[in-house]
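Okay, structure first, notes after.
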Amino acid sequence: MSTSRTIICLLRNDLRLHDNELFHWAQRNADHIVPLYCFDPRHYVGTYNYNLPKTGPFRLRFLLDSIRDLRHTLLHKGSNLVVRRGKPEEVVADLIKQLGSVSTVAFHEEVSSEELNVEKRVKDVCAQMKVKVHTCWGSTLYHRDDLPFNNMSRLPDVYTQFRKAVESQSQVRPLIPTPEQLKPLPQGLEEGGIPTAEDLEQTEPVTDPRSAFPCTGGESQALARLKHYFWDTNAVATYKETRNGLIGVDYSTKFSSWLALGCISPRYIYHQIQQYEKERTANQSTYWVIFELLWRDYFKLVGVKYGNRLFQIKGLQDKSIPWKKDKKLFDAWKEGRTGVPFVDANMRELAMTGFMSNRGRQNVASFLTKDLCLDWRMGAEWFEYLLIDHDVCSNYGNWLYSAGIGNDPRENRKFNMIKQGLDYDNNGDYVRQWVPELQGIMGSDVHTPWTLSTASLSHANVCLGETYPTPIVMAPEWSRHANKKPSGAGPSARGKKGPSHTPKQHRDRGIDFYFSKSKNL
């Protein structure tokens, strides 16, 4: 038996070399390192409640890009990425037997039940085979051990309380150095082929030229995106003004997909912001990127605090709501056939590209839960299937929030679809981009085709109920805005270079609320 020490680094949602404690720790403690990624068959089955496919084609393509990119990076460092198809606990057991020199299996800890079950099974295998386990915490901006709550049960149920406590009492840790070289794989260990979409019973998605996220996966792409958004274009300096955009790549950071797979570290983004603020400018926009990263932390920690309640129909508030499970309504929603153009445009963008803006997500979630009164888990599982940036805690946390059974201090929050469409797509360009059958309707009229005369519709080649559906539901509050809209309004830059204006009633409402007077910006 070999006396050399081999450490298996089991990678999951930490597909990067920079700021990665696993590699840093293994480099100091091993003669050989096995960076391992397993394509777990459990990720390619149906979702828990509605049996939707769990991993959709867009996220799978992004994952495969990320795996190839990490292998390329590791090869340059004298290592390689070992890829296997199978359950991690079984793959790890096979490798321990095959190599005979494994001293430790190391991995980053996750939060949700399915990931925790994998960790438990890996630990059980290691205990049986007398191999040590080493774990790290590395997915959040603030390290779990540095939070001002001595127990996760003390985590506040309102984000603002959490944010104020963390910002005043905790520090973001420095970056973990990136190894110059990595210890090699044990001799004779095969790297394993990277599967194709077909191997995993998925179809290769078609790239849509309209996509606001035409990006590829991987650490090198993530770092290039940050460089572009911060240093090459200074787009970060106007992020707060543009982040509610709908069209184009640069209205928001678009970091979320790389963050979800761990291709970029939230700490790296934070330290780059700090440097940008020193060298270029510090303003509400640069702070707002940190603010969004903190939301991501918060949802992850809510997952730690509440466990499986994140997925249960009554949510965190244990509230009974008579949700409907109407398949016809759900199909209309997911296929973008509700007859409400702003909802349909967003749902079609998601179906065609795997991406939807933050503004869109809030609206379609509100529409499903508050206007259609459908089980929020239908929406959450549809998002899980399609979103490239699906992060379990953020997705389910946000859906609970929208459904009014999560972390939301305001009761009965409901979005007005027509008002939102007019506020954020006031000339209708976004709707016409994704709902081409309405292209003949000019200006903001496109948001409410049912209010137009037969002659106007005929002129636009629209026949309600035939070429485009009549609304499957009508909310009484819509009429207030449908009657006020500026028909055929002039062109708007909103969503291309960001909002042309912030609606007066929204102006700084959030920023005044969230900025403490002592914030030194």
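Numbering starts at 1 and runs along the chain as displayed.
In case you wondered, yes, glycine gets a Cβ from its N, Cα and C as well.
Taken straight from TrEMBL:
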- 5-141: domain 'Photolyase/cryptochrome alpha/beta' (DOMAIN)
- Y239, 252-256, 292-299, 389-391: FAD binding site (BINDING)
- W323: site 'Electron transfer via tryptophanyl radical' (SITE)
- W376: site 'Electron transfer via tryptophanyl radical' (SITE)
- W399: site 'Electron transfer via tryptophanyl radical' (SITE)
- 481-521: region 'Disordered' (REGION)
- 494-507: compositional bias 'Basic residues' (COMPBIAS)
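Taking the features listed in TrEMBL, we show where each one sits on the structure.
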| residue | record | Cβ within 10 Å |
| --- | --- | --- |
| Y239 | FAD binding site | 23 |
| K254 | FAD binding site | 20 |
| E292 | FAD binding site | 18 |
| W295 | FAD binding site | 15 |
| Y298 | FAD binding site | 23 |
| W323 | site 'Electron transfer via tryptophanyl radical' | 16 |
| W376 | site 'Electron transfer via tryptophanyl radical' | 24 |
| H390 | FAD binding site | 23 |
| W399 | site 'Electron transfer via tryptophanyl radical' | 26 |
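Closest by Cα distance to E292 (FAD binding site), from the recorded sites W323, W376, W399, is W399. Closest by Cα distance to W376 (site 'Electron transfer via tryptophanyl radical'), from the binding-site residues K254, W295, Y298, H390, is H390.
It is 12 Å from the Cα atom of H390 (FAD binding site) to that of W399 (site 'Electron transfer via tryptophanyl radical'). In this model, the domain 'Photolyase/cryptochrome alpha/beta' (5-141) carries an average pLDDT of 97. Separation of the C-alpha atoms of Y298 (FAD binding site) and W323 (site 'Electron transfer via tryptophanyl radical'): 27 Å, rounded to the nearest whole number. A distance of 37 Å separates the Cα atom of Y239 (FAD binding site) from that of W323 (site 'Electron transfer via tryptophanyl radical').
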